[in-house]
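Participant: Right, I'll just put the structure down here and ask away after.
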Amino acid sequence: MKARLPALAALALPVLAGAGWMWLGGAPEHFAPFNLAVFAVALLWAAFGRVPPNIRIQRIATAVLLALMFLPLLTGPTLNSSSGVPVSRWLPLGPVSLNTGLFAIPALAVLAARENNLAAPILLTAIFAAMLQPDAGAGFALTLAAVGLHHVTKDWRVGLTAILGFFATLVMVVRGKLPALPFVERVVVEAFAANPWAALALALALLASFLLMLFAAPLERAARFALAGSLFGFVAMAAMAAYPSPLIGYGGASILGFGLALGLIRKPAP
C-alpha cells in the first residue's frame, strides 16, 4: 500500500481541490458530492487494483476501451458544434453521461506503453476515434501521451503518431467547438476571473498530480510518462478552449479514468 500512496495523492489532490472550488464558487449543490462519490470508487481501485501479467488479457481490455471510444457515434447524444459539425463524445448512462475519451484514454496510455509493437496502432486508433467524435481534448491528450511514451522508448512509430496526433488535433479544434459549461470546462480560467487564489490552488493541485504521475506512481517508467502526458494534454486543451478540465471539473469520467489507469498495476508472474 505504501508504494501506492503517490498514485492515491495524484488522484486525491485535484479532485478535492475541485470539490472545494465547487463549494466556494457557487456550483450547483450536487456537483461536489457527485464528484466525491465517484472519487471514492476510483480511489478503491487505485488502492487495491491489479491486473494479471497475461498480455492477452490486457489486450482484451485495450480493445474494449478502444471500442468504447467509438460507441458514442452509435448511441449519441449528438450536439451541433459552432461550425455545424455533429459532436458525439458521450455515452448515455441513465441520468448521467460518460465522456468516453476522459474515461478511456488514461488507461489506454498505460496499456499502450506496455506494448512493444502495438503502441502506435493503439494510440492512432484512439486518435481516429477522437477525430470522428470530434474531441480536441482527447486528441491532444493522446498526442502528449505519445510524446511522453516516445521520450522513454524512442520508438519512431510512436514519434510519428505524436506528429499525426498534433495535426489531427488542430482539425478537431476547428470542427468540435461547443459552449463552455461552468465548473466543467475551462475551470482554472474561469476560477481565475472570480478568485485568482482559488485558481492558483487548482493549478498547483493539477501540477502536483502531473508530477506524481510522472515520477512517483507505481507503474513502469514508460507508462508513467504516457499517463502524465495524457493528463497534461487534457489540462492544456481545457485552458485554451471549451473542453472539460480533468479531475477538478464536474463529471465522473476523468476521475474514474485516471483512477482506473493508476490501479493498472501488474500482478507478479506466478
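Cβ coordinates come from backbone N, Cα and C, glycine included.
I grabbed these lines from TrEMBL:
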TRANSMEM  27-48  transmembrane segment
TRANSMEM  60-79  transmembrane segment
TRANSMEM  122-149  transmembrane segment
TRANSMEM  156-174  transmembrane segment
TRANSMEM  194-215  transmembrane segment
TRANSMEM  222-241  transmembrane segment
TRANSMEM  247-265  transmembrane segment
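Tell me what's around each of these sites.
Facilitator: Remote same-chain residues near the transmembrane segment (60-79) are listed as 51, 86-92, 97, 100-101, 103-104, 107-108, 111-112, 122, 125-126, 129-130, 132-133, 138, 178 (criterion: CB distance under 8 Å, separation of at least six residues from the stretch ends).
A Cβ distance under 8 Å defines the sequence-distant neighbours of the transmembrane segment (156-174), meaning residues of its chain 6+ beyond its ends; these are 83, 119-120, 123-124, 127, 130-131, 133-136, 139-140, 142-144, 146-147, 149-150, 237, 241.
Proximity of distant same-chain residues to the transmembrane segment (194-215), defined by a Cβ-Cβ separation under 8 Å and at least 6 residues beyond the stretch ends, is recorded for 6-7, 9-11, 13-14, 16-18, 20-21, 24-25, 187-188, 224-225, 227-228, 231-232, 235, 246-248, 262.
Beyond the transmembrane segment (247-265), the same-chain residues lying 6 or more positions past its ends with a Cβ under 8 Å from any Cβ of the stretch are 4, 7-8, 10-11, 14-15, 17-18, 21-22, 27, 31, 34-35, 38-39, 41-43, 45-51, 96, 98-107, 109-111, 181, 183-185, 187-188, 202, 205-206, 209, 213, 217-219, 223, 227, 231, 234, 238.
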